[in-house]
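Taken from TrEMBL, the feature active site, proton donor applies to Asp81. Summarising the annotation, TrEMBL assigns Zn(2+) 1 binding site to His82, His185, His215. Among the features that TrEMBL reports, Zn(2+) 2 binding site is placed at Asp103, Glu133.
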Amino acid sequence: MLVNMQEILKDAEEKKYAIGCINTPNVEAIRAIIGAAEELNVPIIIDHAEVHDPLIPIESIGPKMVEYAKLAKVPVCVHLDHGTDYNFIMRAIRCGFSSIMYDCSALPFEENVEKLQVFTRVAHNLGLTVEAELGIMSSTEEDSHGGKPLTREDIRKSFTDPKQAAEFAARTGVDALAVCFGTMHGIYAEEPQLDIDRVKAIRAAMPKDCRVVMHGGSGVDADQVRAAISAGCSKINYYSYMAKATSRHIYQKLNAVNGNAFYHEIQEEAYHFMKTYIKDVLTVFKNGK
Ligand SMILES: [Zn+2]
């Protein structure tokens, strides 16, 4: 069943679990992520990142994502991840996406507010939900967003201010806000240390119907993830570590048979591996529920 974010995040927030939001740049990933969610009977968000478009255009993968979402036994939100370009966002809407992240976090606060105010009004009229970002979500060197290696100290400088988050959410009406409290995109150079008190402060300050989002959720240990969920984080973006682990698994499998495999067997192996991997991740996100 295809849904937007509001239809699933309210229950997550009330019951203190988090919904996974996972990039699906190929059909194996779509099947694996939705399959894992169905087996655990949890809602799920699948997303296409603007930075993955050179890999596969949204017009190729987007309709597949929507089709699989409609056929799923659990609620599935089809979301655009880090849309920065208006034309690209329009392409996502044409493909039938139910939710859009419009990332203007690189702009000054007032400009970020103005852009999201206008967009959210239009999107809500179309029945779509909107995510924005406040504070700069850093990227590690090894990430498709690009970036440079950062220390924990560097990350701390771009932490989101709870008061600003509250003002931003109230003025824009966005449904979800990606905030910075210690995570980064990509593969971590240094073990991340989350500022859980900041999550609590942001949750307490923001309007109730705007949800707190963690990006860069892969690579964070399970205890910190659960602490962030209990503190009020109800959507977690996850991808890099799953993608790397899948490659390592395929490498081992191919080594074991000296590379002698049909390509479709590799695809199937990747699907089964990702499904098992994501089931473990989603079990952590359930936070004991
Ligand atoms: Zn992100």
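Numbering starts at 1 and runs along the chain as displayed.
Heads up, the Cβ atoms here are built off N, Cα and C, so glycines get one too.
Structure with TrEMBL features highlighted.
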| residue | record | DSSP (3 states) |
| --- | --- | --- |
| Asp81 | active site, proton donor | strand |
| Asp103 | Zn(2+) 2 binding site | coil |
| Glu133 | Zn(2+) 2 binding site | strand |
| His185 | Zn(2+) 1 binding site | strand |
| His215 | Zn(2+) 1 binding site | coil |
Candidates Asp103, Glu133, His215 (binding-site residues) with CB under 6 Å from ligand 1, in sequence order, are His215
For Glu133 (Zn(2+) 2 binding site), the spatially nearest of the recorded positions Asp81, His82, His185, using Cα atoms, is His82
Rounded Cα distance in angstrom between the residue listed as 'active site, proton donor' and His215 (Zn(2+) 1 binding site) is 10
Candidates His82, His185, His215 (binding-site residues) passing the 10 Å Cα cutoff around Asp103 (Zn(2+) 2 binding site) are His82
